[in-house]
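Input: a single structure, listed below in structure tokens.
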Amino acid sequence: MEKLRLLGLRYQEYVTRHPAATAQLETAVRGFSYLLAGRFADSHELSELVYSASNLLVLLNDGILRKELRKKLPVSLSQQKLLTWLSVLECVEVFMEMGAAKVWGEVGRWLVIALVQLAKAVLRMLLLLWFKAGLQTSPPIVPLDRETQAQPPDGDHSPGNHEQSYVGKRSNRVVRTLQNTPSLHSRHWGAPQQREGRQQQHHEELSATPTPLGLQETIAEFLYIARPLLHLLSLGLWGQRSWKPWLLAGVVDVTSLSLLSDRKGLTRRERRELRRRTILLLYYLLRSPFYDRFSEARILFLLQLLADHVPGVGLVTRPLMDYLPTWQKIYFYSWG
């Protein structure tokens, strides 16, 4: 037990001292998950396990860096715990679905889907109604920008002391002065002005308080949160081949977005969330039964056409053609 505690402390120290290397590790783990997909039997489950682990690793490392840098989330401790649990569920939901299908079959798979969606809905309702958290965003916790947030200042960089950069007279290239060059492990290779702009923008995003929602916006958000449960309930009533669950979910999503479309004064992150939800309406082209009857043949034909006539594109489109049927059948990929 003592060895595990020491190992944990060493890992925390490594993350705080080498945030850039930690980010590279997270990217490597995520990339490894892509390489595993479709390579052998049960590779999809293993690939998703590695991908879920990479997302949990990002969440863990961000928590370590926030604690070290004292950059707490601008919310209460109880709300932070709810956001963390919601983030964990979003990280592992696909693997839980695939694992349940492998172990318990279709009945176990749908039971796990229903339990996960119910848990997420309860957490989001608490955030919306109890904590007045405003618009629900994805991901629930803003990931840290390692280049701008995880770099401790090396000395006083205030403009009053000395210039942070030098502009070449002939090349107009911006170069950091020697006095403002940070230590090697935390060095940022962009121009100082770029870093400052990103720091300011990311700081505003992290510290921005959610926009208070009126009755209309609260109803819209309630519909958005309830949509997965309504869709699952309609699937149980009318079956997976019926158009009614597809139409019901689409109407609920469009209604929610329509009620939110006139809201002014949203934060940058909330505006980005609304754009994300609007773009996700395209997923209805990939959701059954529309996909089975209309989209599948056309999408596969287009991918095959690109693979046959555009050099190099086949390296991407052929694996995509192989994986698309598997992806489309996973509930949390297409409907989550």
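Any Cβ shown, glycine's included, is placed from N, Cα and C.
Lifted from Swiss-Prot, the feature list:
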type	residues	note
COMPBIAS	144-160	compositional bias 'Basic and acidic residues'
COMPBIAS	195-206	compositional bias 'Basic and acidic residues'
REGION	66-81	region 'Required for peroxisomal location'
REGION	142-171	region 'Disordered'
REGION	184-210	region 'Disordered'
REGION	221-336	region 'Interaction with PEX19'
TOPO_DOM	1-84	topological domain 'Cytoplasmic'
TOPO_DOM	106-110	topological domain 'Peroxisomal'
TOPO_DOM	132-336	topological domain 'Cytoplasmic'
TRANSMEM	85-105	transmembrane segment
TRANSMEM	111-131	transmembrane segment
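In terms of DSSP helix, strand and coil, the topological domain 'Peroxisomal' (106-110) has 5 helix, 0 strand, 0 coil.
The helix, strand and coil residue counts that DSSP assigns across the region 'Required for peroxisomal location' (66-81) are 9 helix, 0 strand, 7 coil. Distant neighbours of the topological domain 'Peroxisomal' (106-110): 97, 100, 331; these residues of the same chain sit at least 6 beyond its ends, with a Cβ under 8 Å from one of its Cβ atoms.
Each residue of the topological domain 'Cytoplasmic' (1-84) gets a DSSP state, and the totals for helix, strand and coil are 69 helix, 0 strand, 15 coil.
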